[in-house]
Amino acid sequence: MNIAVYPGSFDPVTNGHLDVIKRAAKVFDKLIVAVLINPSKTPMFSVEERVEMLREVTFDIENVEIDCFSGLLIEYLEKVNSKIIVKGLRMVSDFEYEFQMALINKKLNPEVETIFFMTSNKYGYLSSSIVKEVASFGGCLSDLVPDSVIKHIFKKLKK
Ligand code: PNS
């Protein structure tokens, strides 16, 4: 069974992430979307909230599971019996960082492959940070994140 892991912060999940999830789910037997627990960052949403939003937007994709992890990605892959990392690639600016991550993960476990999904043209500009910035200034979020996520963002901003 080909199990792939799509790791990230997903703070929050965007339509760009969802596009990668849908396309990767067609390629692998099982896709685990894994939210990084990173105490050194101050996210907008807790890990539990991010996991909940991901579950809401992927409930209809049978072979997708949502999980969270801390520590090294390579160790998490071992735990879930996977040797494939899925990443989305938007533009040249993503490349240097993603190249470095793919190389260090390869160094840590030569059996692991990182497979990149090029972003769909319409999501090339999209990131969780841009979504949060648009939201903070009251801009329109439709087309940027799924509707259920818009509700979570509004709720968070009201607080
Ligand atoms: O969505 P992001 O924030 O770009 O995702 C980054 C993520 C979670 C993929 C990356 O930070 C990660 O894999 N962190 C786990 C720690 C790790 O294994 N780092 C690489 C080797 S030092």
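Note that Cβ sites are derived from N, Cα and C of the backbone, with glycine treated the same way.
Annotated features, as they stand in TrEMBL:
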- 5-133: domain 'Cytidyltransferase-like' (DOMAIN)
- SER9, PHE10, HIS17, GLY88, LEU89, ARG90, GLU98, TYR123, GLY124, TYR125, LEU126, SER127, SER128, SER129: ATP binding site (BINDING)
- SER9, LYS41, LEU73, LYS87: substrate binding site (BINDING)
- HIS17: site 'Transition state stabilizer' (SITE)
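Feature map: TrEMBL annotations on the structure.
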residue : record                 : CB count, 10 Å
SER9    : ATP binding site       : 18
HIS17   : ATP binding site       : 25
LYS41   : substrate binding site : 9
LEU73   : substrate binding site : 20
LYS87   : substrate binding site : 19
LEU89   : ATP binding site       : 15
GLU98   : ATP binding site       : 16
GLY124  : ATP binding site       : 12
LEU126  : ATP binding site       : 21
SER128  : ATP binding site       : 22
Spatial separation of SER9 (ATP binding site) from LYS41 (substrate binding site) - C-alpha basis, Å: 10
Entries of SER9, HIS17, LEU89, GLY124, LEU126 (binding-site residues) sitting next to ligand 1, with Cβ under 6 Å as the cut-off: SER9
Euclidean distance between Cα atoms of LEU126 (ATP binding site) and LEU73 (substrate binding site), Å: 24
Distance in Å spanning the most remote Cα pair of SER9, LYS41, LEU73, LYS87, given for substrate: 20
Assigned element (helix, strand, coil) containing LYS87 (substrate binding site), judged by DSSP: strand
Averaged pLDDT score, the domain 'Cytidyltransferase-like' (5-133): 96
Rounded Cα-Cα span from LYS87 (substrate binding site) to GLU98 (ATP binding site), Å: 8
Rounded distance in angstrom between the Cα atoms of LEU126 (ATP binding site) and LYS87 (substrate binding site): 15
Helix, strand and coil totals (DSSP H, G, I; E, B; other) for the domain 'Cytidyltransferase-like' (5-133): 58 helix, 29 strand, 42 coil
